[in-house]
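Record features, source TrEMBL:
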type	residues	note
TRANSMEM	A:20-39	transmembrane segment
TRANSMEM	A:59-84	transmembrane segment
TRANSMEM	A:96-115	transmembrane segment
TRANSMEM	A:136-155	transmembrane segment
TRANSMEM	A:177-208	transmembrane segment
TRANSMEM	A:220-241	transmembrane segment
TRANSMEM	A:247-267	transmembrane segment
Amino acid sequence: MSFMAFLEALFQYEFLQKALWTSVMVGIICGVLGCFIILRGMALMGDAISHAVLPGVAISYMFGVNFFFGAVLTGVLTAIGIGFVSQNSRIKHDMAIGIMFTSVFAVGIIIITLMKSSADLYHILFGNVLAVRTSDMWMTLSIGLLVITLVTLFYKELLVSTFDPTMAQSYGLPNKWIHYILMVVLTMVTVASLQTVGIVLVVAMLITPAATAYLLTNRLWVMIYMAAGFGVISSVLGLYFSFTYNLASGATIVLVSAFFFAAAFFFSPSQGLLWKSFKARKNRASLS
Amino acid sequence: MSDALQVDQMYVSYQGNQVVKDVTFSVGNGTIVGIIGPNGAGKSTLMKAALGLIPKDKGEVLVNGKPLKQSQKKIAYVPQRSDIDWDFPITVIDVVLLGTYPTLGLFKRPGKSERAWAAECLKKVGMQNFATRQIGELSGGQQQRVFLARALAQKAELFLLDEPFVGIDVASEETIIQILRELKREGKTIIVVHHDLSKAESYFDHLLLLNQELIHFGTSSDVLKPEVITKAYSNQFSFLNKSGQVNCT
């Protein structure tokens, strides 16, 4: 099917429109939040938190409440647990992450298996953007709005506490609170992305577009806009491939964003591998 | 008028070991003070604890006679170079602009006047031509000058610098020490963690000699007397003491 046919279908089917809006919002918020996650050296933490929402989502299903609440609960508890283990033993931070999130994730798998709904598990893990309901779309849009508002209002504080936490602390910014608020926002973004990319691949949407932008600019605010842009383009193109070839939306979206990363990795004017080796060769040639 | 910085009976532990023990001193306004001592003497730890950056076991800190919390924004801290992520996507001028953040309120963004002020501070350290560079592209000395410009932008009364002269070029060191002297003339107080004894006397009015405990606090020429200095460096210099010579570099 051509791209035109996709556009036609987009005008025709409401489910596809919902999928599109949800994907666009997920692309934006993952890109924006991802910038702070990677610059704070928390990529692995992002992976952990996103996986740790699984039991929360499962328990919410079981009790028939909105899975947003359960997800935030287990996500934040895991973040606190990781901090507790690494601060109170010789276990390093990355080890604590590896132990805690896999355990929590395993609990989630067992709960869902006991609920005997493996179809749900598949969709939670890998995303099924074409099945987005109206209520899901509104939840994603409101979480997105909240994230964008927070980042806009506290941009200054986020910048200084990310770049130089010591300075932030020395003039009285509450670094610990900023960290835990980011953890909460991270679980919310994971929930918002559940249906689009799924739990397993949320971390890719957090890291890959932000990392692509990181290779292309030396200014944080430009990086944030670019990351959001790459997030949106990846989401929309991924949705197209998912719809057209009947593939899991999470996988197609992530692959598109990985493609952009590869392009930046090789061709970035300042950081790209290609220019670097070209310049190095030129420098060597000028000496011989 | 109260002293710029008063530290009373400070005790600090690091990873379970007490590395700063019972340190009491007071620094008057308009002076440059060097904190010196052997490796592991707790120099940076003392400075960080005085700033409230790490928890202390015991002790009181007064800044201009007031508790630390009330005067935090009037203190500028220049961290060790190794504490900074030099790949961060931030330009030189934006680093200096961070210095205006403490006095801007929550939600308020730096405007034209803050940008002009940051540019002026950058000029004072002679780095105005590098304003749009990414900070990682600079040499060590240039980076240190940019962080000093950020401290200037903060319009602080008390300046704390942690090892500012480590691994930097002679010209940058000269620029930095001249600016510190200028600040002193304006009545500001500067405290520097320093490890190179050879220049200590020409740089600092007073020296605080530390080896976990306070060994001596006095004028630079007093502290640099061999019989005083060896008290702190006894381990390093034990082989020299036999011949009665002290090598102070």
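Residue 1 is the first one shown; counting continues down the chain.
Every residue gets a Cβ built from N, Cα and C, even glycine.
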Quiz item: For the transmembrane segment (A:136-155), which recorded stretch in the set A:20-39, A:96-115, A:177-208, A:220-241, A:247-267 gives the largest number of Cβ pairs separated by under 8 Å?
Solution: A:20-39
Exercise. With Cβ distances under 8 Å as the criterion, find the stretch in A:59-84, A:96-115, A:177-208, A:220-241, A:247-267 that has the most pairs with the transmembrane segment (A:20-39).
Key: A:220-241
Self-check item: Sequence-remote partners of the transmembrane segment (A:59-84) [C-beta within less than 8 Å, at least six residues beyond its ends]
Solution: 45, 48-50, 52-53, 93, 96-97, 100-101, 104, 108, 111, 115, 120, 139, 180, 183-184, 186-188, 190-191, 194
Quiz item: Taking the transmembrane segment (A:177-208) as the reference, which of A:96-115, A:220-241, A:247-267 gives the largest number of Cβ pairs under 8 angstroms?
Solution: A:247-267
Exercise. Using a Cβ cut-off of under 8 Å, list the residues of the same chain at least 6 residues beyond the transmembrane segment (A:96-115) that approach it.
Key: 44-45, 47-49, 51-52, 54-59, 61-62, 74, 78, 81-83, 85-86, 121, 124
